[in-house]
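Enquirer: Sharing a structure here in structure tokens format.
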């Protein structure tokens with residue numbers, strides 16, 4: 001695979017290899033055949049980041065080869081959304097001959113939605129001033145004249161200039177209902193929107209008929225907790241990043257959801273609060289003991305669950321675990337399988353043509 005060529009003819013083979021690999025990794029814990037969810041074969045990434053290479057009067061997007069560290073020029077990127085590809089061409093054309101916008105520009109980040117909105121961030125090794133803002137506004141207006149629904153942001157050390165806004169609103173059809181998700185620039189969002197829809201619908205399917213409340217750790221912008229709210233009496237969710245918490249609160253209101261409570265704290269802190277080890281001012285007015293959480297949902301970082309959180313989740317009858325790293329999932333399962341068994345197993349091809357796998361497991365108490 002090269003940045004400008006996807007081996008789409010190999011899609012089925014690479015997916016089959018992942019299925020075999022996941023089954024092998026999960027063999028000590030389950031003999032289930034994974035439910036497999038396919039990605040679009042191209043234009044599946046909704047975000048992308050590129051370094052900018054200055055070559056005399058020219059400049060262009062590059063990425064670095066992971067093995068050799070050599071730079072690779074990228075003029076088109078079929079893994080990314082069609083909107084990102086349109087913007088890549090338009091941004092280079094708009095910046096190349098503009099001394100103010102191109103001077104010390106070293107990176108461009110793109111974030112797009114299925115609803116055809118975009119935020120483009122230009123990163124600089126220089127101070128950004130009013131002249132930069134004027135030129136950036138002219139570029140933004142020129143892009144919009146090309147029917148590109150785009151918001152521009154300038155970033156430099158300790159500086160962020162959002163010309164209009166630093167977010168876009170995604171609209172996803174999830175099990176017959178449109179979900180609105182505010183996505184903030186430089187915050188985590190699911191990179192493959194088509195796969196995200198399938199992950200949300202799978203999570204809804206495995207939790208249908210649930211009793212009681214749901215607890216979610218690492219909720220981000222509320223991606224899962226808001227979609228799952230329809231299956232539970234109440235949802236209690238934690239997140240540490242301020243922009244994500246603010247986006248989650250917006251998303252609760254935008255989706256007219258009244259049974260989700262977001263708390264800004266780390267999973268480790270929440271564990272201490274639940275166990276009565278510490279009291280937190282942030283929890284004033286929230287009666288943790290009133291929640292009857294029968295199900296806990298975790299979507300941890302690549303490092304997986306820490307040992308304290310492992311112990312905490314074992315107290316719940318049902319554990320729904322979405323993993324972006326099956327190796328750390330299996331490490332966690334060495335502990336979790338002592339008290340729980342795997343009921344459902346899914347493979348989500350979030351990153352086609354790469355080694356990476358995303359998977360989901362539903363665990364129930366033995």
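Just so it is clear, glycine is given a Cβ too, placed from its N, Cα and C backbone atoms.
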Enquirer: Given that Swiss-Prot annotates 190, 218, 223, 299 as binding S-adenosyl-L-methionine, state which candidate in 239, 279, 327 belongs to that site as well.
Expert: 239
Enquirer: Are any of 218, 223, 239, 299, 358 (the recorded positions) within 10 Å of residue 324 (active site, nucleophile) when you go C-alpha to C-alpha, and if so which?
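Expert: The recorded positions passing the 10 Å Cα test are 299, 358.
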Enquirer: In whole Å, note down how far the CA of residue 358 (active site, proton acceptor) lies from the CA of residue 239 (S-adenosyl-L-methionine binding site).
Expert: 21
Enquirer: Would you mind reading off the Cα separation of residue 358 (active site, proton acceptor) from residue 299 (S-adenosyl-L-methionine binding site), to the nearest angstrom?
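Expert: Their Cα atoms are separated by 10 Å.
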